[in-house]
Amino acid sequence: MAQFGGQKNPPWATQFTATAVSQPAALGVQQPSLLGASPTIYTQQTALAAAGLTTQTPANYQLTQTAALQQQAAAAAAALQQQYSQPQQALYSVQQQLQQPQQTLLTQPAVALPTSLSLSTPQPTAQITVSYPTPRSSQQQTQPQKQRVFTGVVTKLHDTFGFVDEDVFFQLSAVKGKTPQVGDRVLVEATYNPNMPFKWNAQRIQTLPNQNQSQTQPLLKTPPAVLQPIAPQTTFGVQTQPQPQSLLQAQISAASITPLLQTQPQPLLQQPQQKAGLLQPPVRIVSQPQPARRLDPPSRFSGRNDRGDQVPNRKDDRSRERERERRRSRERSPQRKRSRERSPRRERERSPRRVRRVVPRYTVQFSKFSLDCPSCDMMELRRRYQNLYIPSDFFDAQFTWVDAFPLSRPFQLGNYCNFYVMHREVESLEKNMAILDPPDADHLYSAKVMLMASPSMEDLYHKSCALAEDPQELRDGFQHPARLVKFLVGMKGKDEAMAIGGHWSPSLDGPDPEKDPSVLIKTAIRCCKALTGIDLSVCTQWYRFAEIRYHRPEETHKGRTVPAHVETVVLFFPDVWHCLPTRSEWETLSRGYKQQLVEKLQGERKEADGEQDEEEKDDGEAKEISTPTHWSKLDPKTMKVNDLRKELESRALSSKGLKSQLIARLTKQLKVEEQKEEQKELEKSEKEEDEDDDRKSEDDKEEEERKRQEEIERQRRERRYILPDEPAIIVHPNWAAKSGKFDCSIMSLSVLLDYRLEDNKEHSFEVSLFAELFNEMLQRDFGVRIYKSLLSLPEKEDKKEKDKKSKKDERKDKKEERDDETDEPKPKRRKSGDDKDKKEDRDERKKEDKRKDDSKDDDETEEDNNQDEYDPMEAEEAEDEEDDRDEEEMTKRDDKRDINRYCKERPSKDKEKEKTQMITINRDLLMAFVYFDQSHCGYLLEKDLEEILYTLGLHLSRAQVKKLLNKVVLRESCFYRKLTDTSKDEENHEESESLQEDMLGNRLLLPTPTVKQESKDVEENVGLIVYNGAMVDVGSLLQKLEKSEKVRAEVEQKLQLLEEKTDEDEKTILNLENSNKSLSGELREVKKDLSQLQENLKISENMNLQFENQMNKTIRNLSTVMDEIHTVLKKDNVKNEDKDQKSKENGASV
């Protein structure tokens, strides 16, 4: 792939092929490769580096020497073992056991001791890295490397397969040992296969041990001694084999071991219950992987500036000395240790943190040569693009894009344009009359165009830059701008891309193309119209991007001899976005293609149904036929369509379809009738009925399947004629061109850059060369944008001086306040208060030192996780404050109250800072950085940014570049998010645009010939032309045209929004009207019910009155009847009493 500098291997594959750690000059030897020896040594070194044991203090110097002896002995044993075993088995599944008696170690001859530990100056942990042996194939640049061994992180894991670093595919069957989980670091052996869907496939995967261990678990369980046999390290899970004596004789000397024999070695890690001492292990023993940004990316070509890494840095030495002082002070003060353990704040900080996200791999790729080169020959092409096939006739190329897009007028992305390639079945609405190969075609000149399709500038920002205000889902799905910028190319065959164009014709295009530039433009318009149907005559600007020259030998073409000549191929880059149809034109085109589909369907329907006139005449005759003709008298293959339909209709079968379908249907029916007769002869009526039922079910199934297939075909054809919603330039490829193999395709810039040596066609070479030049043009433009932004930044020294002045003023004010306080009474209280303040100040300083020391390891990891919150300016100020620490401590004692107040207010300020919403204010600068930072790490290394500035063709000196980089670079990195993003509160602040006048670097300082100056003076007057007797300024007209185009695009966008809003309003109005109708209907029903209820109420009231009157009458009648009953009863009682008296009187008389 061209992006990887002529190598097919991605950057992660070559990332670990660096040389070993540099050694001091006193030793004169180099550390052997750890991975080449054994995975055991690799894991030991990794574990020690992660635990922080490689930081060599005077107290544990002998301890590290002991570990070095063990590592070198095991490495030598593993190297010998690799000579007698298979390579893969020796790399992963070797179980070695190194046991050597004490006498053997003492009687070895004296040789140099290879070790990775410095004997002069202790090195910090961050500088001890794992190096891998450079494969033999890397020494030969002509042979691409097919195999890599590296360490990576498992990013995806499924049931049977997974991915390492998002690129390397592996199956679980290739895993050796413990099955890895997502986020685990693994040792990978991968091979490259370009024919597979995933180019890199892992052959073996092995999980690196000692991951996710608890803080209290020691990394080494058994403390080894110097002279004792080296026991197998059970912690790492890999054993070693016995080592022969001859190998140790070649590596270990008695003289080098003698100093180590005088003292008894102590264990690497003490037990947890022991108190603090010189060999006390660090408090935070957490195995954390090194940040990905610490690893240098692979250069596109072999690096030549390695000496910069060997220069000692005085700042690093000062920070190392300060770290040593802090460590000694901690070891001397056990009380501080106890107070730190009892501090609740430290307990909160020791709580298990959240799972660390996978840091993206640092990937920065750019061309490592000057980008202002106007020409190139075969050797220069071969040097620049090692993967590019160069045709045999090529001898020169002119890069005219340098003049077409100078630094003062760069190319502007963001002009929305898209293409829509139509199916070969769909015909163009307008007839194409362009001629591709005229009879007088001359091969001296060829004109070809590269048509760009690009999203709008707003879409580019959101899809590629991951703006600060975008949601997290959109920021995670970013794409590189090279994937969003696409080109319309022709396809000859399967995978052969070609630029669209053809040869010059004197009769159609005009004579003398060398003097008249419009001749080749006419050639490009004609050939593009003939091949794609796109009319480029609407384009207003034609940029001459490149000229490629071939030396053609004498040949015979179409029966005539063509002498040897030079063929010049001119690649044009027109503003094709002006050919984009407007919204109204797009709607007209959409209706036209739909109408074309309707007409085609009607014509096919007429052809399928036959002549409708004959069908109408024969309708009556078909109805009269009631009995079908006997099957033995019919021959379906010789019958006409009308006869076939009559026979089918008489048999109650479908008569629709083509003639072949009718013949098949009738033939099948006749066979069924023949079978029926045979069955009737056998008198099997029951079976005949069953067969009839089966036949009907089969016919129904066939009819349903036929209808379903017809519906699918209809929908497929309709999709070919339906245009998308967004306007695009319609492409109708000329299917008859290039021997019927021509087609068109839309390919992104990254795909065009992914060429191979196998693409050995001349037209593919032209497309690949254009892609490289276009990519270099974008690199130059984005690099110049970064350069301008660095020029606009203020100098860092001015800011330091202002800060120092402000600090001095603050100190004077505070001293005056203290003098005022001394004049006040209450001396006893002030004295006691001063003593108390001094004690609190000492405690506060101790806590501050502990807090800084304990959070040292956390800062490095948090830098990767919180890169957006990293402030290079503030960190630089912190370094300056550390340099003046003695003076600062004096002022801190006097400013105790201010410090306490600051410590109380600091958490609230941090919370407010976290809550503040960031917003991107400089989107152009962010896109410029993102174009180089392909993995969105958020920073660029200093050496990469320096080389980018050198490639711009500004002829800058090293001092000038260093001065620019000092403004933004911190710890060898430039965190560009601090230059492009800010909080919403600071959004309205205007940027300081005090840009320097000299934006072209040192180009104006170079001597220029007088001829070029005269030509420039002549070209300045070319912009004025005489048209209809008036002088016309072409430049101003073009500017007005661009403005009008922008206004038109904005108006169309607003119109589209208004149409959408109108549609929504119509829908809401329709819904409101429907709801109004329903509510009015309900209202009428409610009124009707109300009137009915009122009538019922009146009726019930009348009935109530009637009932009351009737009851009153009844009551009166009852009262009269009761009175009469009472009177009658009284009369009866009187009569009974009279009778009783009479009877008594009669009895008495008797």
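Each Cβ is built from the backbone N, Cα and C atoms, and glycine gets one as well.
Quick caveat, the model's predicted, so the values are computed rather than measured.
Record check of K687, K707, K1135 in Swiss-Prot: the feature SUMO2 cross-link is attached to K1135. Feature annotation from Swiss-Prot across K984, K1012, K1144 places SUMO1 cross-link at K1012. The phosphothreonine entry in Swiss-Prot, when matched to the candidates T17, T191, T667, corresponds to T667.
Of the candidates K600, K637, K1087, K1113, Swiss-Prot marks one as ubiquitin cross-link, and that one is K637. Of K178, K275, K1067, K1131, the one with SUMO2 cross-link in Swiss-Prot is K1067, while the others lack that note in the record, though it may still apply to them.
Nearest Cα neighbour of S456 (phosphoserine) among the listed recorded positions (K637, T667, S697, K1135): S697. The secondary structure of S456 (phosphoserine), as reduced to three states from DSSP, is coil rather than helix or strand.
Taking the Cα atom of each, T627 (phosphothreonine) and T667 (phosphothreonine) are about 17 angstrom apart. The Cα of T667 (phosphothreonine) lies closest to that of K637, out of the recorded positions K637, S697, K1067, K1135.
The recorded sites recorded for this entry are K637, K1067, K1135, and the Cα of K637 lies nearest to that of S697 (phosphoserine). The number of other CB atoms found within 10 A of the CB of T627 (phosphothreonine), across every protein chain shown, is 6. Distance from the CA of K637 (ubiquitin cross-link) to the CA of K1067 (SUMO2 cross-link) is 58 Å. In this structure, the C-alpha atom of K1135 (SUMO2 cross-link) lies 129 angstrom from that of K637 (ubiquitin cross-link).
By the criterion of other Cβ atoms within 10 Å of the residue's own Cβ, the least surrounded of the modified residues S456, T667, S697 is S697.
Across the compositional bias 'Basic and acidic residues' (694-713), the DSSP tally of helix, strand and coil residues reads 20 helix, 0 strand, 0 coil. Most Cβ neighbours within 10 Å, among the recorded sites K637, K1135: K1135 holds that distinction in the structure as shown. Just so you know, the Cβ of K1067 (SUMO2 cross-link) picks up 10 other Cβ atoms within 10 Å once every protein chain is counted.
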